[in-house]
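The following features are taken from TrEMBL:
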type: BINDING; residues: Lys7, Gln8, Lys9, Leu10, Arg11, Arg136, Leu137, Gly138, Arg139, Gly140, Gly141, Gly142, Ser143, Tyr144; note: ATP binding site
type: BINDING; residues: Val53, Glu58; note: substrate binding site
type: REGION; residues: 95-116; note: region 'Disordered'
Amino acid sequence: MQDIGFKQKLRTRVIRDRAGLHEKDRASAGRAIRETLLTLPELEMASSIAAYVSIDTEPDTRALIFGLWKRGAYVLLPRLLPDNDLDWATYEGPDSLAPGRHGLPEPTSPGRGPGAVKAADVVIVPALAIDRTGMRLGRGGGSYDRVLDRVGPGILTVGLVYDGELVEEVPAEPHDRRVRAAITPSEGLIRFD
């Protein structure tokens with residue numbers, strides 16, 4: 001129970017700290033993260049990429065998604081299902097997003113099912129914090145833990161966080177899953193395996 005309390009305190013702190021970031025700093029951080037991502041060999045060679053549409057104060061992914069799509073990559077984006085699992089649908093350009101469950105931007109193309117993420121060459125996931133072993137702290141719904149559980153062992157899974165969100169420890173529960181890498185604006189890519 002102590003770990004659950006610590007996780008919630010860490011979530012609260014990170015969300016508060018993100019809200020305090022100036023918009024200009026968030027934009028600069030998002031650019032740095034995007035530039036690092038776009039130089040990854042795995043991303044350059046990928047034909048299929050699973051990503052997410054950033055919301056609120058998350059590091060921006062919209063320009064990344066658009067850039068990948070313009071390069072001809074097949075980009076899968078999530079749609080939240082009633083049980084908090086994620087269905088995946090194809091991104092077909094900036095006009096192909098509409099508010100879904102809870103008002104989150106989701107693709108309007110037909111869903112391909114939760115297992116569609118298995119076909120991705122790279123999987124980019126949101127995180128509030130990541131520790132030096134790759135343990136990821138999400139928002140607490142378990143959606144991306146299910147995604148990470150489905151992805152094969154050779155696939156790059158990367159979480160995007162701001163500076164200061166790469167922490168010493170993220171307490172883990174049995175359902176929690178690790179990412180294989182993180183990207184921060186200052187440190188760039190950090191691989192964990």
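Placement of Cβ uses the backbone N, Cα and C atoms for every residue, glycine included.
Unlike curated records, TrEMBL annotations are generated automatically.
Shown on the structure are the features that TrEMBL records.
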residue: Lys7; record: ATP binding site; DSSP class: helix
residue: Val53; record: substrate binding site; DSSP class: coil
residue: Glu58; record: substrate binding site; DSSP class: coil
residue: Leu137; record: ATP binding site; DSSP class: strand
residue: Ser143; record: ATP binding site; DSSP class: helix
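Here Glu58 (substrate binding site) comes close to Arg18, Pro126, Leu160: these same-chain residues lie at least six apart in sequence, with C-beta atoms under 8 angstroms from its C-beta.
Per-site Cβ counts within 10 Å over the binding-site residues Val53, Leu137 peak at Leu137.
Rounded to a whole number, the C-alpha distance linking Gly141 (ATP binding site) with Val53 (substrate binding site) is 17 angstrom.
In sequence order, Leu137, Gly140, Val170, Pro171 make up the list of same-chain residues 6 or more apart from Lys7 (ATP binding site) whose Cβ falls under 8 Å from its Cβ. Set side by side, the binding-site residues Lys9, Arg139, Gly141, Ser143 differ in how many other CB atoms lie within 10 angstroms of their CB, and the most is found at Ser143. Spacing of Val53 (substrate binding site) relative to Ser143 (ATP binding site) is 14 Å (Cα to Cα, whole number). Under DSSP, residues within the region 'Disordered' (95-116) fall into helix, strand and coil as 8 helix, 7 strand, 7 coil. Sequence-distant neighbours of Arg11 (ATP binding site): residues of the same chain at least 6 apart with a C-beta under 8 Å from its C-beta are Leu128, Leu137, Arg139, Gly140. The binding residues for ATP are recorded as Lys7, Gln8, Lys9, Leu10, Arg11, Arg136, Leu137, Gly138, Arg139, Gly140, Gly141, Gly142, Ser143, Tyr144; their greatest pairwise CA distance is 20 Å.
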